[in-house]
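Q: TrEMBL lists 20-37, 49-70, 90-111, 123-140, 173-191, 197-217 with the feature transmembrane segment.
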Amino acid sequence: MDARKEGLPRRPRFSAQLRVGLGLLPFFLACAVYLLAQSSTDQPSRASALLKSLPVLYLAGFLGTAHPGGGYRSLLQGALLCSAVGDACLVWPEAFLHGMAAFGLAQLLYLRAFGLAPLKAGLLPPILLVAVPYFGFLLPHLPPHLVWPLLAYSTALAAMLWRALARGGSARWGALLFLLSDAVLAWNTFFHPLPHGHLLVMTTYYPAQMLIALSAFQSPRLKSH
């Protein structure tokens, strides 16, 4: 029954959106602090690892305010915590494999959260048409010991994107930005350094995580499990 037709008060949707928006202010502040600090130093350190991880750690905590909670929210929080570990590891080049493993687990948790219904198999061919040639292009430039781990990670990322597109909402846009961020990171790391490459990676990565996290505050049109 339509509450407006019955003269009942409308659901306070605007106040909920305002609460979420205000709740994200510390996230944006943490992003700004890291990006400003990173521009002044390129030296790996525990402080830079903490600053880099802080925005995503905040998102994991912020998800605790999402109602209802349940398995979907918990899976997103787990993915964000794994991502924060990956963020910290990638500060040190020698910990690249550890960081990729952490992000691989994050993609699997996102994949589990988004579920497999509806299947929407028609979304897979466009993803593969982009992902397979791009990986093939990078393949000659990859260190041999990273080929199989990167292939496994790329598969998990593509699967996550497929399920996020099927779910819709902000998760869809977050997954697309995540793919873009990782594509820029791979190009910048293995093929040719880009001007302000790290800035491009992080300014797509942080919004990607935020948009996926915001999906916990939305009413999905389908169940995640």
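The backbone N, Cα and C atoms fix where each Cβ goes, and this holds for glycine too.
Unlike curated entries, TrEMBL annotations are predicted automatically.
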Q: Six or more residues out from either end of the transmembrane segment (173-191), which same-chain residues have a Cβ under 8 Å from its Cβ atoms?
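A: The answer is 110, 134, 137-138, 141-142, 150, 157-158, 160-161, 164-165, 197-198, 200-202, 204-205, 207-215.
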Q: Name the range, of those listed as 20-37, 49-70, 123-140, 197-217, that has the largest tally of Cβ pairs under 8 Å with the transmembrane segment (90-111).
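A: The listed stretch sharing the most Cβ pairs with the transmembrane segment (90-111) is 49-70.
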Q: List, by number or range, the same-chain residues at least 6 past the transmembrane segment (20-37) whose CB is under 8 A from its CB atoms?
A: 48, 51-52, 54-55, 58-59, 62, 65, 199, 202-203, 206, 210, 214, 217
Q: What else in the chain is close to the transmembrane segment (49-70), if you only count residues 6 or more beyond its ends and a Cβ gap under 8 Å?
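A: Counting only partners 6 or more residues beyond its ends, the transmembrane segment (49-70) has Cβ contacts under 8 Å with 23-24, 26-27, 30-31, 33-34, 37-38, 76-77, 80-81, 83-85, 87-88, 90-92, 206, 209-210, 213, 216-217.
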